[in-house]
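Colleague: So Swiss-Prot says this about it:
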BINDING   VAL40, THR41, CYS42, PRO43, PHE44, SER45, ASN46  FAD binding site
Amino acid sequence: GTKRVVVVGGGFGGASTAKYLRKLDPSISVTLVEPKTAFVTCPFSNAV
């Protein structure tokens with residue numbers, strides 16, 4: 001049958017997981033669950 005994966009949370013970890021699951025196996029059905037409609041961040045903004 002079809003492989004189905006649900007990823008809960010669309011932060012860095014969730015979005016990356018969903019992306020790479022699809023890249024590794026395009027036949028996987030990946031659903032990303034995230035309540036927010038936009039993702040805004042400034043990674044490493046506090047790095048000195």
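A Cβ is built for glycine as well, from the same backbone N, Cα and C atoms used for every other residue.
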Colleague: With every protein chain in view, how many other Cβ atoms are within 10 Å of the Cβ of CYS42 (FAD binding site)?
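Modeller: There are 6 such Cβ atoms around CYS42 (FAD binding site).
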Colleague: Return one of helix, strand or coil for THR41 (FAD binding site), based on DSSP.
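Modeller: Assignment for THR41 (FAD binding site) reads coil.
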Colleague: Can you check which residues sit near SER45 (FAD binding site), meaning Cβ under 8 Å from its Cβ, same chain, 6 or more apart in sequence, and list them in order?
Modeller: none
